[in-house]
Amino acid sequence: MSLAGKEFKLSNGNKIPAVAFGTGTKYFKRGHNDLDKQLIGTLELALRSGFRHIDGAEIYGTNKEIGIALKNVGLNRKDVFITDKYNSGNHTYDGKHSKHQNPYNALKADLEDLGLEYVDLYLIHFPYISEKSHGFDLVEAWRYLERAKNEGLARNIGVSNFTIENLKSILDANTDSIPVVNQIEFSAYLQDQTPGIVEYSQQQGILIEAYGPLGPITQGRPGPLDKVLSKLSEKYKRNEGQILLRWVLQRGILPITTTSKEERINDVLEIFDFELDKEDEDQITKVGKEKTLRQFSKEYSKYD
């Protein structure tokens with residue numbers, strides 16, 4: 001894939017806006033169903049400010065808010081990129097996954113909540129799927145995504161939080177397509193969620209999407225990058241969040257971030273207005289490796 005302007009080109013030739021607004025983390029409902037009016041307003045502001053990529057998921061419980069915001073703003077459907085994810089459950093295989101029979105059925109239900117006929121990208125949220133816990137294995141789960149794509153319910157399909165082994169299980173199977181995206185936690189303090197996953201994904205033409213890209217300044221202080229980011233912020237006349245997001249982008253990775261503040265929304269969109277020198281990009285990469293910060297998916301901490 002390649003970055004051209006404000007878009008990445010996926011391995012299947014389709015394009016994806018190069019930064020996404022996330023509706024998880026602080027907006028994650030954790031089981032309650034009350035409509036989040038603040039999120040609706042924030043999404044409307046983000047869309048009106050120029051965001052064209054909204055990242056959602058079944059487990060976040062925010063699809064109705066996304067749908068309402070889209071309707072209120074009134075953009076042409078083709079001009080907005082919507083991501084959804086199948087709730088596959090956690091690493092304990094405890095049965096607490098999607099209430100729907102399979103990923104295909106889950107997407108159809110999510111589309112009703114979104115008020116849409118299709119999503120632009122549909123992902124398996126976690127690889128924790130087995131015949132015992134779900135009634136189908138990981139490869140069969142992928143075939144449900146292929147069915148959704150073939151029927152026009154999802155324009156692109158991919159995965160999230162997959163290891164090399166997980167990816168190989170799909171790539172080595174006799175499937176009709178391969179994932180175009182692997183969405184993982186990625187930041188300067190976590191440059192591989194699991195061993196070798198970024199390089200391997202990119203070698204296979206799979207775009208890495210990064211959640212948690214601002215960890216070094218939101219949860220990683222004090223840290224070895226503090227002085228580096230301060231100097232680069234002064235050099236480029238950009239704030240430290242913009243420096244980190246631009247670094248992610250220049251690594252060929254799509255950053256996902258979120259905020260409720262108007263100035264921060266505009267800050268994110270300005271990462272396309274400057275470029276880090278190669279030596280500065282490399283310095284962030286090198287110094288970032290001096291610390292490990294894992295904000296999510298703590299089951300992967302065995303690799304730290």
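Cβ coordinates are placed from backbone N, Cα and C, and glycine is handled just like the others.
Fair warning: this is a prediction, and the values are worked out from it, not measured in the lab.
Among the candidates ASP55, ASP137, ASP280, ASP282, the one that Swiss-Prot lists alongside THR23, GLY24, THR25, LYS26, SER160, GLN183, LEU214, THR259, SER260, LYS261, ARG264 as binding NADPH is ASP55. Within 10 Å of the C-beta atom of ASP55 (NADPH binding site) sit 25 other C-beta atoms, taking all shown protein chains into account. The binding-site residues considered are THR23, THR25, THR259; of these, THR25 has the fewest other C-beta atoms within 10 angstroms of its C-beta. Between the recorded positions LYS85, HIS125, LYS261, LYS85 has the most other Cβ atoms inside 10 Å of its own Cβ, all protein chains included. Considering only the binding-site residues THR23, THR25, GLN183, THR259, LYS261, the residues lying within 10 A of TYR60 (active site, proton donor) on a C-alpha to C-alpha basis are THR23, THR25. Maximum intra-site Cα distance, NADPH binding residues THR23, GLY24, THR25, LYS26, ASP55, SER160, GLN183, LEU214, THR259, SER260, LYS261, ARG264: 27 Å.
Long-range Cβ contacts of GLN183 (NADPH binding site) within its own chain (separation 6+, distance under 8 Å): ASP55, LYS85, LEU123, GLY158, VAL159, SER160, ASN161, ILE208, GLU209, ALA210, TYR211, ILE256.
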